[in-house]
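Features of the protein shown, as given by Swiss-Prot:
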| type | residues | note |
| --- | --- | --- |
| ACT_SITE | CYS84 | active site, nucleophile |
| ACT_SITE | HIS175 | active site |
| ACT_SITE | GLU177 | active site |
| BINDING | SER228, GLY229, GLY230, VAL231, ASP232, SER233, SER234 | ATP binding site |
| DOMAIN | 3-200 | domain 'Glutamine amidotransferase type-1' |
| DOMAIN | 201-386 | domain 'GMPS ATP-PPase' |
Amino acid sequence: MSAIAVIDFGSQFTQLIARQIREMGVYCEIFPSNIDFETVSKFNGFIFSGGPQSVNDNCSEVSEVAHKIIKLNETINTPILGICYGQQLICHYFGAKVRKEFNQEFGKTKIKILKESPIIKDTWDVNSEVDVLMNHADSVETIPQGFTAIASGIINQTIAIIANEQRKIYCTQFHPEVKPTTNGSKLLSNFLDIANCERDWTMKSFIEKQKEKIQNLVGEKKVIAAVSGGVDSSVAAVLTHKAIGKQLNCIFIDTGLLRKSQTTAMLKEIPINYVDKSNLFLSRLKGITDPEEKRKIIGNTFIEVFEEEAKKIGDVDFLMQGTIYSDVVESGHASGNTSTIKSHHNVGGLPEKMNLKLVEPLRYLFKDEVRLLGKEIGLSDEIIFQHPFPGPGLAVRIICEVDEEKVRILQEVDEIYINTMKNYDLYDKIWQAFAVLLPVKTVGVMGDNRTYGYVCALRAVTSSDGMTADAFPFENKDQHSLVFWRFLQDISSIIVNKVSRVNRVVYDLTSKPPATIEWE
């Protein structure tokens, strides 16, 4: 099977490269810039991502693998594509001068195509002007020996595309993977053709490969699975069960932080043990308000409970989790140069001294790919298309100390919000919707009486992979917008009338970035 390795130097767009290449039918994997060369040496081609560094700084640590890949290209002609910082790194390697750009370029700009090349075949014509996204502080000042200019910036004469056709090395100063770049995905597709990649990666092939990986990793050992009833853990559990059958022991832990009607009953083909540890989780969260501390406490307690259950089963060596790629990215584990946005209870929140080894079959899949996988293995739409629910549960939707009363209030609000949304035929139009209980109370009037109750915030976003998101319905100006505004008016009235401790409802309009989807 053909495969492309993306060496991640910390760009915010790296995941978009991988997603687009996978959508073209070629398997693509992202590796940190300090990855061991032997791990990536057998790939059909390499892409060096953008990043915040400057090649004029000491970049020997982050560029060691890049230098070895360029040496590999010298030997066996493995194609390389450098994007933004990746272009600067390659040019610096070949002795070109990279300067600090006085007119730094951030945002949409135009380039002019100077010459034909396989990298822009059927993409842009010579002499045409093309919209692209630039995002750089440094620029390549001189073209390295053996390379040819394919395109240049119209405003700043930036060296926008260069190519060494003989060695199959291509560089762009702009980001072809981002939408403001016109037809940028075609450039990526051309690179796959240059690398002689077969378009044979599908969910079916992924399933077979993952089953084989799980079997080789686990052997004859037993595995316990963290099943929450959500799409990620459900898909991961069914896939693992298909790989090792009865060696998998699925456990549902009631943390006391779940939705009111959350259940795993839909997974008919897998036996599930129910464990109620709600009192334990709530007691450990007493007095805790910091969101990172909440996540780590929940992560530690979660694993502790699983270790206890593993002892009851006996001879268990592995813990399966439904970790997906957005969890890894936001926890800062995808690249040595990426900062931590938040710890996820099934990634950064794990105790360092775990007594169980991890099985994470979905670790490098995006949410939309997880849903495609769920379809392929026969899960119902009810499971596959349910909205994401965070591993720490309602603890990160209660923006203050967590206790049983606040959980009950938020469960009631959440149930009303989601069920009413379904009645309005809006649920399937929205990527994720949920309610948040705020740490403030406000004055209200009901009947002739003064009230002093909690404020709850409602959130609804559209997204494709969870990496970016827009507040619904502002991304799409259609008939759903009018329906949604009527829905918000109705739902606020229903909530304050049915949930006695809440007297005010607000709606969160913030996109991601700058915010995250969840509040904590």
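Backbone N, Cα and C define each Cβ position, glycine as well.
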Of the active-site residues listed as CYS84, HIS175, GLU177, the one whose CA lies nearest the CA of SER228 (ATP binding site): GLU177
Among GLY230, ASP232, SER233, SER234, which are recorded as binding-site residues, the nearest neighbour of GLU177 (active site) by Cα: ASP232
Additional residues surrounding ATP, by Cβ distance to the SER228, GLY229, GLY230, VAL231, ASP232, SER233, SER234 centre under 8 Å: VAL227, VAL235, ALA236, ALA237, GLY322, ILE383, PHE389
Nonlocal residues around HIS175 (active site), in sequence order (Cβ under 8 Å, 6 or more apart): SER11, PHE13, GLY50, ILE83, CYS84, VAL132, LEU133, MET134, ASN135, THR181, GLY184
Where SER233 (ATP binding site) sits in the secondary structure, as DSSP reduces it to three classes: helix
DSSP-derived structure type at the residue listed as 'active site, nucleophile', helix or strand or else coil: coil
Cβ neighbour count (within 10 Å, all chains shown) around SER233 (ATP binding site): 25
Average pLDDT across the domain 'GMPS ATP-PPase' (201-386), rounded to a whole number: 83
In three-state DSSP terms, the structure that SER228 (ATP binding site) belongs to: coil
Intrachain C-beta neighbours of GLY230 (ATP binding site), sequence separation six or more, cut-off 8 angstroms: GLY322, GLN386, PRO388, PHE389
Close in space, distant in sequence - ASP232 (ATP binding site), Cβ under 8 Å, 6 or more apart: GLY322, THR323, ILE324, LEU362, LYS367, VAL370, PRO388
All-chain count of other Cβ atoms within 10 Å of GLY229 (ATP binding site): 20
